[in-house]
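Undergrad: The structure that follows is given in the form of structure tokens.
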Amino acid sequence: METCPSEPSDSGSPLKTMVDTAEAEQLLRQGLGKRMVRGDGINRSTAVSGDSDMLSGGIHHYEQITQSAQSQRLKRFLTTTVMPVFLLAFTPNLVVIIWYTVIHCEGSYLKMLSVFSHRSILSGLSDMWSLMNYPSPVVIWTLVIYCVYALAMMKLLPGENVTGPVTPKGNVPVYKDNGFIYFVVTICLFWVLTICLHPFGISPSILYDKFDEVIYALNAFSLIFCAFLYIKGLLTPSSTDSGSSGNIIFDYYWGMELYPRVLGFDIKVFTNCRFGMMVWALLVCIHSVKSFELYGFVDSMFVSAFLQIMYITKFFWWESGYMRTIDIMLDRAGYYICWGCLVYVPSLYASVTFYLVSHPIHLGPVVTTIFLFLGALNIYINYAADVQKQEVRGANGNCLIWGRKPEIIRAKYQLENGDEKESILLASGWWGLSRHFHYIPEIMLAFFWSAPALFDNIMPYSYVIWLFILLTHRSYRDDTKCNKKYGLFWHQYCKKVPHKIVPYLF
Ligand SMILES: NC(=O)C1=CN([C@@H]2O[C@H](COP(=O)(O)OP(=O)(O)OC[C@H]3O[C@@H](n4cnc5c(N)ncnc54)[C@H](OP(=O)(O)O)[C@@H]3O)[C@@H](O)[C@H]2O)C=CC1
Ligand SMILES: CC(C)CCC[C@@H](C)[C@H]1CC[C@H]2C3=CC=C4C[C@@H](O)CC[C@]4(C)[C@H]3CC[C@]12C
């Protein structure tokens, strides 16, 4: 699940909040003392009993405050240490579990769980790991060559310079907007190479067969890479949007820098877009090739792959918009985002077509058409909502939303350095239905590319289930973030649009 223990969001590190708790406790003690002294002086002439009432009331109040400070400290400990430790220990195993379920348990989580029936969780997991092969040179070289290619293309491909949103420290990151062209070039190159190498018996489907090695290599690389990012953030941060929380575990998990750059390469553009999203698309193509090699054309694979590629194409088309989302504005470059995009996205996000390779299902033309239509419709709605927000802001509110003048709130907010800024909150169109209406089509579109696997197993719905949890949690996170940022203006928006995701319900 997505976690933001400290909501370091606008203020930066969780340290501030941890210190705040202690400071608040001290201030409250002082404040209480003052009130008691004042109470002494003021009430003496009016009510003698008032003093003792105040004293006992004060002590009671003080106990309550101490208790709440303690529970806050406990909560902070859970979210900044226990949760990260759990995720660091569990998530590398999770991707192995996914692989093991598909390859060794016919895609059944029930069969997979039987591994743990007569032994401890640790020995069950170690059995799964023992089935994984160490990365062979072909896998290592493929990954290295892909990374070098992706980095080179980041520099070489043309693209306008676009700016990200102003960061809490007042920095304005600049990105080269060449994601879409990179996506098109890479997909074309993939198919050209696949066709040209076919006569020599070389197929990209080798990466399906050796996916255990891929996971191994990605896990190992990412863990080291995140350590590198931690040290880099400590010694040579790229911008003032960085800092330590004082808790090394949390810093490793959450990251030190908002947008680190190494040799001029933006790390998040690389991990999230050029690696995570692109490798997801390539894996879908690889799974389709493998399925074709095994059975020829399979309509369920076609529906799932087509919808996923359509969704990823949309992502790259809108990449500069993505650079204005929570992942970029709020989440630092640590294990959560970097391991997530380097390992979790390739393993979980591409898991439906991974499953379909060993479960060829014939849907027939009617079901195929319905799934394709509904999936594409939801991709369109999700995209339309993302773009609507961007357009209103781009046009400074001078545009039409669903044929009408948009309802907007001009929300003022302050940067950490005290500078005042203004932003537009759209309260009509998709953004007038609920505050995150676009999460509904996001979940639905994922459902329609998973449903071709039909309903024999839960496994192909792992991504939909994950998305449901992630987006529900994200709707809270975003509310907290916007509340902190816009204060009363956000309240005004919430009054107009009272529901988080589902209109009239939630
Ligand atoms: N497949 C996946 O794993 C996931 C996919 N997604 C998808 O990514 C896309 C981006 O989602 P997400 O990152 O959650 O961000 P959102 O698109 O929900 O954007 C949130 C930000 O938009 C601004 N905002 C909020 N309300 C309004 C409004 N009414 N008018 C104008 N601006 C507003 C705020 O930023 P500001 O500070 O600029 O005001 C807020 O922080 C979506 O399509 C989502 O479905 C998201 C998460 C996971
Ligand atoms: C530590 C892990 C268990 C959690 C890792 C989570 C991340 C991999 C994901 C968290 C948010 C995800 C994304 C947000 C928005 C996106 C836009 C969408 O159009 C495409 C997908 C994505 C980039 C998506 C990718 C995975 C996350 C970063």
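Here the Cβ of each residue, glycine as well, is placed from N, Cα and C on the backbone.
Any TrEMBL annotation is an automated prediction that lacks curation.
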Undergrad: Given 295-312, 457-474, which one carries TrEMBL's transmembrane segment label?
TA: 295-312
Undergrad: Do we see three or more Cβ pairs under 8 Å linking the transmembrane segment (77-102) and the transmembrane segment (179-202), pairs being at least 6 apart in sequence?
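TA: When sequence-distant Cβ pairs are counted, the transmembrane segment (179-202) does not touch the transmembrane segment (77-102), since fewer than 3 lie under 8 Å.
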Undergrad: Of the stretches 179-202, 214-231, 269-289, 363-383, which racks up the most C-beta pairs under 8 Å with the transmembrane segment (138-158)?
TA: 269-289
Undergrad: Taking 3+ C-beta pairs under 8 angstroms (sequence gap of 6 or more) as contact, is the transmembrane segment (269-289) in contact with the transmembrane segment (179-202)?
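TA: Checked: the transmembrane segment (269-289) vs the transmembrane segment (179-202), in contact.
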Undergrad: When you scan the chain for residues with a C-beta under 8 Å from the transmembrane segment (333-357), skipping those not six or more beyond its ends, what do you find?
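TA: Contacts of the transmembrane segment (333-357) (Cβ under 8 Å, skipping residues fewer than 6 from its ends): 2-3, 84, 87-88, 91-92, 94-95, 98-99, 102, 107, 208, 211, 214-215, 218-219, 221-223, 225-226, 229-230, 233, 251-260, 267-268, 271-272, 275-277, 279-280, 283-284, 287-288, 290-291, 294, 298, 300-301, 304-305, 308, 327, 449-450, 452-453, 457, 459-460, 462-463, 466.
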